[in-house]
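A short worksheet on the structure shown next.
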Amino acid sequence: MKLSIFFVLFFIAIAYCQPEFLDDEEDEVEETLPVAEEGRERSCITWRNSCMHNDKGCCFPWSCVCWSQTVSRNSSRKEKKCQCRLW
């Protein structure tokens, strides 16, 4: 009797969980797509000398931000740095 109850519950659990396995496979496919886009975004977020040549809209939807900074503490020479940023 206990064995038959066990098998009934076992098969109910399998039947109940089966759609979940299919959902997991669909989620895995959806999760791989943003990874490719994320790799492109990482290559776009680099230091630049200007925002003039924003290759293939790398900064979109972000913006390219530029500023000047001194090369070292004792130097008066400044260099321009640009970077894609969310803010």
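Backbone N, Cα and C define each Cβ position, glycine as well.
Swiss-Prot annotations:
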type	residues	note
SIGNAL	1-17	signal peptide
DISULFID	CYS44-CYS59	disulfide bond
DISULFID	CYS51-CYS64	disulfide bond
DISULFID	CYS58-CYS84	disulfide bond
DISULFID	CYS66-CYS82	disulfide bond
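Considering other CB atoms within 10 Å as the measure, the emptiest surroundings among the disulfide-bonded residues CYS64, CYS66, CYS84 are those of CYS66. In terms of local Cβ density within 10 Å, CYS82 ranks first among the disulfide-bonded residues CYS51, CYS82. Under the DSSP three-state reduction, CYS82 (disulfide bond) is assigned to strand. Comparing CYS66 (disulfide bond) with CYS51 (disulfide bond), their Cα atoms are 7 Å apart once rounded.
In the three-state DSSP reading, CYS64 (disulfide bond) counts as strand. Distance from the CA of CYS51 (disulfide bond) to the CA of CYS82 (disulfide bond) is 7 Å.
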